[in-house]
Amino acid sequence: MFSGKTEELIRRLTRARIARQRVEIFKPALDTRYHDQDVVSHNHNSIRSTPVQSPSEILLLAGGATDVVGIDEAQFFDDSLVDVCRRLADAGTRVIVAGLDMDYLGRPFGPMPALLATAEFVTKVHAVCVCCGELAAYSYRLSASESQVLLGEADAYEARCRPCFLAGPAARPAIEAARAAQAAR
């Protein structure tokens with residue numbers, strides 16, 4: 001989380017529109033954090049999208065006249081998304097997917113591992129660890145919820161590097177010390 005995945009998706013789709021390509025954007029209907037319909041980044045940049053319940057709807061709605069399909073929060077879809085993306089790509093549609101590759105326990109998340117394995121191009125973006133400032137690839141959950149899917153923002157998750165992720169709550173004092181040092185400046 002907080003690495004700029006959605007920001008990059010919006011940037012790429014906006015460029016495709018500037019190039020006069022026909023673009024369709026989809027997101028899981030359950031993602032209503034910032035807006036019911038729009039794909040919205042943590043920086044509040046947005047682009048109009050179509051919320052869908054299942055990947056099969058993407059095939060129906062994208063139609064044959066679409067040049068580029070964008071999909072945000074792909075980790076929330078089931079594994080049928082892999083076949084949908086393959087079918088779109090086989091038909092000549094450029095498919096751009098954004099999503100978390102790991103859940104809050106650091107395990108592969110949803111269809112993302114298979115999408116990464118079958119993609120022709122992969123861009124992996126990293127956040128900054130809130131504890132130490134290193135590159136962060138993990139989403140550390142702040143709540144005690146054990147549900148794999150828990151929609152949230154900075155109130156529910158922190159971006160962490162591997163050592164700080166593994167340190168768990170013990171890494172919190174480093175965060176507080178860093179904030180205190182910054183406030184003292």
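We count from 1, first residue shown onward.
The backbone N, Cα and C atoms fix where each Cβ goes, and this holds for glycine too.
Record features, source TrEMBL:
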type	residues	note
ACT_SITE	GLU73	active site, proton acceptor
BINDING	VAL149, LEU150, LEU151, GLY152, TYR157	substrate binding site
Exercise for review: Specify the count of other C-beta atoms within 10 Å of the C-beta of GLU73 (active site, proton acceptor).
Suggested key: 22
Revision key, fill the gap. According to DSSP, the residue listed as 'active site, proton acceptor' sits in coil
Check your understanding: How long is the line from the C-alpha of the residue listed as 'active site, proton acceptor' to the C-alpha of TYR157 (substrate binding site), rounded to the nearest angstrom?
Key -> 16
Review point. Taking the Cβ of TYR157 (substrate binding site) as the centre, how many other Cβ atoms fall within a 10 Å radius?
Key: 21
